[in-house]
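This is the structure I want to talk about, given as structure tokens.
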Amino acid sequence: MFSKQDQIQGYDDALLAAMNAEEQRQEDHIELIASENYTSKRVMQAQGSGLTNKYAEGYPGKRYYGGCEHVDKVEALAIERAKQLFGADYANVQPHSGSSANSAVYLALLQAGDTILGMSLAHGGHLTHGAKVSSSGKLYNAVQYGIDTKTGLIDYDEVERLAVECKPKMIVAGFSAYSKTLDFPRFRQIADKVGALLFVDMAHVAGLVAAGLYPNPLPYADVVTTTTHKTLRGPRGGLILAKANEEIEKKLNAAVFPGAQGGPLMHVIAGKAVCFKEALEPGFKAYQQQVIDNAQAMASVFIKRGYDVVSGGTDNHLFLVSLIRQGLTGKDADAALGRAHITVNKNAVPNDPQSPFVTSGLRIGTPAVTTRGFKVTQCVTLAGWICDILDNLGDADVEANVAQQVSALCADFPVYR
């Protein structure tokens, strides 16, 4: 029998030490990984609730187990809030992750061997958009488009040429490292020209879309997916959205359950419901605008300090810094910044001479630092510190000096006050 007073402390101190160390790292380090953010304590409360005990295979009102009358209400709240937030007619809140959501879309709307046209991972796309190492690149005939290496922008004429040439069943629009605004009307035009479905993965910019600061793909896409963390600041999970289409809705539901998953994670769905409610609050737009302002301010500093920012700047929450001209690797830069308590991720850049495990670039994003309360002033200072480390890569004194300043800044802007 369990007690309400049961705690990890005193029972599994080795695990607790690792958990506490990670929480302290989050407080003491500046987080600039574009896909990371901090959830509210409300989201954490939902995820740590008794809902974790409930199995609920199926959908609200159509479960395979009894005792689901309360979790039905939880899922219904999440669905309705997601639809309201994005102007969707359909929402499935059960995918365990963004990759799970993408896999369900492919399972629902494609047959093995069908052709998909997606953005190359090497040019800013995502693994699930047809990369050879992903199931999306193994189960389907994946053709890849990229960016114009001179402008750093997607070449839509090239996308159209490839579409006409390969006649894809589906075109995938989305990215993990592209800093400019996607042209959804143009993607729709290309898809219609070749009779393809248009699938948009807006995982990185969903928060900006919800705030009205980035174009909403719903009017143009046959189906849209997103994660619920990143710019949405919710729990780690996935979401599928669409406009009204009974045939597609049935296929999507069947692909998620029983096609790809069994029981949904009801405690995570509750966390999603909380984050959707938070995103509907008036202050959410101001937060997202600050995310963009901070990213643009940081990118400007890198450009002024002589670093190449792919695409020449950013319209969203992230940007990619190429270190090719400096002869540096992303791996070494990532490690040096980590020693100064600044967390980024190494990232491939167009025409990268290095392997994906070394790379010649850094991806930098501002959602997490903005959640901490950083404004443009702090972000400009932070970008300067990063450039100082890159200018003097491997200099322990520079790293120590920056680490000391990072410590003071983190103390002024705690994650949880």
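In case you wondered, yes, glycine gets a Cβ from its N, Cα and C as well.
What Swiss-Prot shows for this protein is this:
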BINDING   Leu121, Gly125, His126, Leu127, Ser355, Pro356, Phe357  (6S)-5,6,7,8-tetrahydrofolate binding site
MOD_RES   Lys230  N6-(pyridoxal phosphate)lysine
SITE      His229  site 'Plays an important role in substrate specificity'
How many other Cβ atoms sit within 10 Å of the Cβ of Pro356 ((6S)-5,6,7,8-tetrahydrofolate binding site)?
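Other Cβ atoms within 10 Å of Pro356 ((6S)-5,6,7,8-tetrahydrofolate binding site): 14.
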What is the total of other Cβ atoms whose distance to the Cβ of His229 (site 'Plays an important role in substrate specificity') is within 10 Å?
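Counting Cβ neighbours of His229 (site 'Plays an important role in substrate specificity') within 10 Å gives 27.
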Among the recorded positions listed here (His126, Lys230), identify the one with the smallest other-Cβ count within 10 Å.
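Lowest Cβ count within 10 Å among the recorded positions (His126, Lys230) is His126.
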According to DSSP, does Phe357 ((6S)-5,6,7,8-tetrahydrofolate binding site) sit in a helix, a strand, or coil?
coil
Any idea what the Cα distance is from His229 (site 'Plays an important role in substrate specificity') over to Leu127 ((6S)-5,6,7,8-tetrahydrofolate binding site), rounded to a whole Å?
18
For a quick check of understanding: among the binding-site residues Leu121, Leu127, which residue's Cβ has the most other Cβ atoms within 10 Å?
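Within the set of binding-site residues, the most crowded position is Leu121.
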Rounded to the nearest Å, what's the C-alpha distance separating Phe357 ((6S)-5,6,7,8-tetrahydrofolate binding site) and Lys230 (N6-(pyridoxal phosphate)lysine)? Just drop the number here, would you?
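Each residue's Cα considered, Phe357 ((6S)-5,6,7,8-tetrahydrofolate binding site) and Lys230 (N6-(pyridoxal phosphate)lysine) end up 23 Å apart.
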